[in-house]
Amino acid sequence: MAATAAASVAAISPLPGASLPRPVSARVPLLPRASPPTWRLSVGSARARSTRCLAAAGGGGLAPEMRATLDKVVGSHKVVLFMKGTKDFPQCGFSHTVVQILRSLDVPFETLDVLANEALRQGLKEYSSWPTFPQLYIDGEFFGGCDITVDAYKSGELQETLEKAMLS
């Protein structure tokens with residue numbers, strides 16, 4: 001057995017004058033760490049006070065063409081869900097959950113697949129100051145992501161908001 005161990009060590013030992021390759025961590029320089037996002041709570045409804053937080057706007061800014069496009073999409077439908085996949089074939093559990101909630105409330109809604117367009121996906125993150133998907137818009141305003149939608153559904157706030165939107 002000792003001979004086997006010696007043979008395996010010899011098999012991985014470098015040739016005389018050669019050195020073992022450096023580990024990847026020694027070859028790849030570390031990227032500078034980005035500062036963590038700053039979160040601020042918005043005030044307003046009970047939903048906003050208890051669960052909704054918005055990322056503080058970072059630098060860069062949204063291209064005017066993208067802002068105009070998103071304004072048009074969000075403003076032209078009472079309920080819009082930006083999601084991963086489609087309402088008939090959601091590509092993530094969070095998107096599926098919000099679709100199921102909206103269907104259970106028998107609300108007409110439009111969906112846009114953010115996986116089909118990288119520029120749309122990145123633009124929406126800036127537009128809403130919300131980093132994840134799905135993103136639900138009701139009556140032209142950002143309502144929230146999956147967790148906020150679920151909480152609002154359980155409390156009855158989502159139903160109230162949707163009823164008001166459908167009547168306006």
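Glycine residues also receive a Cβ, built from the backbone N, Cα and C atoms like all the rest.
Remember, predicted model here, so these are calculated numbers, not experimental data.
Per Swiss-Prot, transit peptide is recorded for 1-54. Per Swiss-Prot, domain 'Glutaredoxin' is recorded for 67-168. Marked as glutathione binding site by Swiss-Prot: K84, R121, F133, C146, D147. The [2Fe-2S] cluster binding site feature in Swiss-Prot is assigned to C92; the stated evidence is similarity to another entry.
The structure, with features from Swiss-Prot marked on it.
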residue : record                        : DSSP class
K84     : glutathione binding site      : coil
C92     : [2Fe-2S] cluster binding site : coil
R121    : glutathione binding site      : helix
F133    : glutathione binding site      : coil
C146    : glutathione binding site      : helix
From K84, C146, D147 (binding-site residues), the ones whose CA sits within 10 A of the residue listed as '[2Fe-2S] cluster binding site' are K84
Applying a 10 Å Cβ distance cut-off over all chains shown, what neighbour count does K84 (glutathione binding site) have? 19
Same-chain residues at least 6 apart in sequence with Cβ under 8 Å of the Cβ of C146 (glutathione binding site), in sequence order, are F94, S95, T97, V98, P134
